[in-house]
Amino acid sequence: MTEYDSGARASRDLIVIENLVREYQVGGQTIRALDGVTLTIQHGEFVAIMGPSGSGKSTMMNMIGCLDTPTAGRYCLDGFDVAHLSEDDLAMLRNQKIGFVFQSFNLLPRTTALENVELPMMYLGVPSKIRKQRALEALQRVGLAERVYNRPNELSGGQQQRVAIARALVNNPVLILADEPTGALDSRTTEDILNLFEELHAQGNTIVLVTHEDEVGRHAKRIVRFRDGRVELDTGAQRKVGVPKHVD
Amino acid sequence: MWIEIMRVAWRSVRANKMRSFLTMLGIIIGVMAVVLSSAIGLSAKAGVTKQVENLGTNVLTVMPGSASSGGISRGFGSASTLTTSDATAIAEQDPDVQYVAPLVSSDQQVVYGTNNTNTAIEGTNAEYPDIKNLTMAEGRFFLESEVNSAANVAVLGSQVEETLFSGERVNPVGQTIDIGGIPFTVVGVAASQGTSGFSNQDDAIAIPITTAMNLFTGSDTVNQILVSAKSQDVMDQAQLEVESTLRVQHQLSAATADDFQISNQATILNTLSGVDRILTLLLDGISAISLLVGGIGIMNIMLVSVTERTREIGIRKAIGAKRSVISMQFLLESLMLSVSGAIVGLILSSIGTEIVSKLTQDGNLLSPVAVGASMGFSVAIGLIFGVYPARKAANLKPIDALRFE
Ligand SMILES: Nc1ncnc2c1ncn2[C@@H]1O[C@H](COP(=O)(O)OP(=O)(O)OP(=O)(O)O)[C@@H](O)[C@H]1O
Ligand SMILES: [Mg+2]
């Protein structure tokens with residue numbers, strides 16, 4: 001088992017993407033979902049990826065999350081060039097460095113909230129006692145201490161998403177990825193979840209979030225706007241002007 | 001972590017109870033076939049042993065005719081080459097022979113009062129009960145003097161007694177019955193002997209051989225001669241003596257084959273266990289096919305399960321499950337199906353064999369070899385037929401699995 005522990009890494013760059021291309025073959029036709037994306041995200045940022053439907057946001061998130069492999073281009077996560085890693089290495093990388101929050105929650109059915117949150121630790125090999133304790137802490141952190149033994153079908157959408165966030169947090173990942181995490185929630189619940197993300201950001205977590213809604217995007221500190229598989233606008237990049245480049 | 005993976009696999013087996021049960025059914029039937037086929041083997045063996053004990057382990061049976069003439073088996077008793085003088089010669093000349101009982105049989109109508117039945121009339125001599133280990137329920141067997149005087153006396157088998165005297169509150173001993181229209185005095189009723197080979201010994205009447213020949217067969221040929229050796233150790237000598245005596249009696253030249261057949265318990269046992277072997281083979285075939293079909297059923301359901309749970313696989317992979325973890329989960333599930341099937345099959349068949357062995361009093365019929373073999377076989381089937389679905393699950397790309405609808 002490879003341990004991915006960045007330790008005292010010199011670089012502040014968490015995500016380095018260069019000329020990333022992802023093509024799909026559909027019925028003999030080639031669709032370029034990502035058409036040469038170059039993007040750098042640093043530790044501790046809160047980035048919202050926005051853009052019209054079909055512009056490649058989800059494809060980008062799957063690349064960042066190491067769930068999909070690029071057709072061309074380079075992607076380094078926390079210093080690891082993803083192209084050089086085996087499938088099992090990628091599984092461990094996802095396990096230890098990334099927490100996923102999906103639009104459709106993606107909790108395991110017929111499995112209690114507690115067990116869902118324990119899952120990433122189980123795959124890491126954490127002993128069951130510590131696992132349970134940490135899962136309970138994570139659930140408490142998202143305000144679900146009372147519903148730990150409920151199964152997903154016994155929870156509301158907002159509660160399910162909280163469980164998913166607890167699951168994303170529990171291995172202390174360096175990066176939390178959320179693809180339209182509030183897409184299936186009403187405005188009140190959306191507000192709750194976003195406050196939770198802001199809290200996590202305040203605690204030093206790096207968050208990359210995909211959204212359609214400007215309301216949601218406003219919570220982020222940086223907005224990357226996609227169009228036709230390219231970065232159309234990057235507020236972070238603009239802000240970077242005048243900031244001295246970090247040299248190690 | 002492995003305990004959790006087992007729990008997950010078990011939960012999935014239990015989540016679809018009916019489906020899991022139906023999937024297991026193939027294995028259940030296969031395991032039951034394995035265990036029951038070995039039980040039938042054991043029971044047949046026990047049955048044969050019991051009959052051999054009934055008959056006495058030192059008995060030779062002489063039948064007329066050869067096993068094969070001109071390459072074609074004519075079967076036992078198809079020629080009439082044995083006579084009462086052969087029996088007398090064996091009794092007089094062969095030192096290792098203890099008792100000799102010639103046997104003639106014919107089917108006759110038997111009547112007592114308003115009851116009647118058609119049964120086998122066995123003509124024999126007074127040594128017959130000694131050879132057959134026959135015990136009397138009532139009265140006595142007929143005496144040598146009655147054989148010599150061709151008396152009209154009869155000893156009833158227990159079943160014949162029941163048929164003829166049902167509803168009659170009389171002691172059969174001393175009563176007169178009609179055999180083939182001729183009156184006989186019942187002198188005794190034999191205790192139940194059970195079936196021997198393919199004939200029911202309780203459904204027969206023994207009368208003096210002389211009487212039988214006078215009244216029913218009209219010749220001095222006999223159907224068979226039962227011979228008992230002095231002890232089990234001299235069986236082979238006794239058999240050789242009987243053979244040479246009969247060859248002299250029948251004036252066979254050295255070049256001629258025997259015109260009679262001598263079989264001992266070993267040969268009878270062989271014939272019986274040959275039948276039993278075919279049966280066992282048949283059942284083994286059925287169990288092998290059933291287990292194979294059961295395995296295919298498991299593979300089928302596992303493939304369905306992998307497809308159904310593609311999304312779950314995607315979630316697990318996204319969260320960090322390695323290929324080995326995913327494949328182990330599905331392999332364990334398939335193992336659980338096959339092993340649970342085997343356990344259910346073993347429980348059912350042990351209940352079955354328990355009941356049968358209680359009824360037949362054949363002792364324990366659950367063979368440890370069959371239990372071990374069927375268990376081992378089921379584990380192997382669970383593994384073999386689980387590998388492909390498990391690999392299929394492990395090979396799914398995380399993003400494809402997550403996007404699966
Ligand atoms: N598995 C796939 N096979 C073929 N084409 C795909 C696949 N996934 C995405 N695409 C195509 O890639 C392009 C980008 O899709 P993507 O899902 O990244 O868009 P998006 O920005 O997330 O859109 P939305 O806001 O609607 O979620 C689309 O044209 C889409 O049709
Ligand atoms: Mg999308």
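For all residues, glycine too, the Cβ spot is worked out from N, Cα and C.
Here TrEMBL flags B:20-243 as domain 'MacB-like periplasmic core'.
This prediction places the mean pLDDT of the domain 'ABC3 transporter permease C-terminal' (B:286-398) at 91. The domain 'ABC3 transporter permease C-terminal' annotation in TrEMBL covers B:286-398.
Per TrEMBL, transmembrane segment is recorded for B:21-42 (among others).
What TrEMBL records for B:278-304 (among others) is transmembrane segment.
Taken from TrEMBL, the feature transmembrane segment covers B:325-349 (among others).
With a cut-off of 8 Å between Cβ atoms, the residues of this chain six or more beyond the transmembrane segment (B:369-388) that come close are 27, 30-31, 34-35, 37-39, 287, 291-292, 294-296, 298-299, 302-303, 330-331, 333-339, 341-342, 345-346. Taken from TrEMBL, the feature transmembrane segment applies to B:369-388 (among others).
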DSSP-assigned states of the domain 'ABC3 transporter permease C-terminal' (B:286-398) in counts, ordered helix, strand, coil: 100 helix, 0 strand, 13 coil
